[in-house]
Amino acid sequence: MRHYQLLFKRITPTLSSSSIRRSFSVSAAAAAAQKVERPRRSLFSVPGSDERKIQKATGLNADAVVLDLEDGVALDRKEDARELVVQTLRQVETGDLSFGTSELCVRINALETGSLAFEDLQAILPCPSLQTIVLPKVELPSDVDFVRRLVEMIPPDNQEETRDLRIIAAIESAKGMLNLREIAETTNQQSSSSLDALVFASEDYCADLELIRTTAAIELLMARSQLVTTAKAYGLQAIDMVHIDFRNMEALQEECTRGVEMGFTGKQAIHPAQLDTIHQTFCPSAKDLEFAQACVTQYESTTAAGKGAVEVHGIVVDAPVYKWALKIVRRAEQAGMIQTI
C-alpha cells in the first residue's frame with residue numbers, strides 16, 4: 001500500500017463530512033457531454049516560489065502555464081510556494097491577474113510525499129480558476145483515482161458552477177511505463193475531473209533506468225513511442241519531453257520535429273525562448289493544411305455522391321486519409337490558423 005493511500009484512509013471521514021455540507025452535483029447532461037479538447041502545444045513550467053517568473057508567464061501566451069510546486073521548488077520553500085500559487089489563483093478569480101488564453105495548471109508534489117501532496121490539493125482545489133492538475137511520478141492507476149476522489153470531495157468555492165477539472169499524468173519511471181495502459185484506462189469522461197493527457201518526463205525516466213542521455217535520444221525512442229500509442233488509444237493527449245538545453249534552438253527544432261513525426265500533441269517548455277519554436281512546429285504546415293482541407297472537402301463531396309474514395313493532388317484519399325485530414329484541420333483551428341467552421 002502506497003503512503004498516500006494510508007493518508008487517505010485517515011482523512012476520508014473528515015473530508016466526507018465536510019463535503020456533504022459543501023457538495024455539488026454535475027448534471028447528467030453535462031457529464032455525458034464530450035469535453036472540449038484544450039490545445040496544449042506547449043506546457044510551460046514556472047517555479048511556484050518565484051513571483052517574478054509567474055508574473056512574466058502571464059504575457060507569454062503559452063497554451064498551458066504550469067505553476068510548479070514540485071521539482072522547481074526547494075524543500076524549505078514548499079509552504080511559501082503553495083501560498084504564492086493560491087494567491088495567484090485567487091488574483092485570477094478577482095481579475096487582478098490574467099494569463100490570457102493560457103490554461104492554468106498546478107503541478108503538485110508527488111503522492112509519495114504524503115502530506116505535501118495532500119496539503120497542495122487541499123489548498124488549490126477550492127480555487128475555481130484552477131483548470132488542470134499535473135500529477136507527477138504516476139506509477140499506478142490508483143494514483144489518478146486518489147486525486148479524482150479528492151476533487152469530488154473538495155469542490156470549488158463557487159460550487160453552483162459545474163467543474164471541468166482535467167488531470168495530466170506524468171510518466172517518469174519504469175514502473176509507470178509498465179502500467180501505462182492501466183493508468184490510461186482511468187480516463188472517465190463522466191466525472192467532474194478526468195485524465196486528459198500523458199506527459200513523458202524524460203530526465204526522471206533516464207535516472208530511474210540508468211540510461212545514458214544522448215542528443216539523438218535514441219535511448220528514449222521506445223518509451224516515447226509507447227506513451228504516444230497508449231495516449232492515442234485512450235483519447236488522451238501526448239506531451240513530449242522537455243528540451244533541457246534551452247539555448248540550443250537548432251536542437252530544439254530538431255527534437256520538436258521528431259516529436260511531431262512520432263505523434264505527440266505538444267511539448268514541455270522551461271524557458272520563454274522555447275515557446276515560438278514549439279508553437280510553430282506543433283502546428284500543421286501551410287502545405288499540409290492546404291492538402292488536408294482539400295481532402296476533407298473533396299472526400300465529403302465524393303462520399304455524398306455514393307463513392308468511397310477520391311484523388312487529391314495525385315493521392316488516393318479514402319477513410320483513413322480523411323480521418324487524418326480532419327485532425328490536421330482541427331489542430332489548425334486550435335492554433336488559430338483558420339476559423340472554426
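Residue 1 is the first one shown; counting continues down the chain.
Cβ from N, Cα, C; glycine included.
Listed features, source TrEMBL:
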- 41-272: domain 'HpcH/HpaI aldolase/citrate lyase' (DOMAIN)
- ARG107, GLU172: substrate binding site (BINDING)
- GLU172, ASP204: Mg(2+) binding site (BINDING)
Number of other Cβ atoms within 10 Å of the Cβ of GLU172 (substrate binding site) across all protein chains: 23
Same chain, 6+ residues apart, C-beta under 8 Å of the C-beta of ARG107 (substrate binding site), given in sequence order: SER45, VAL66, LEU67, ASP68, LEU69, GLU70, GLY72, ILE133, VAL134, LEU135, PRO136, ALA170
Cα-to-Cα gap, ASP204 (Mg(2+) binding site) vs GLU172 (substrate binding site), nearest whole Å: 5
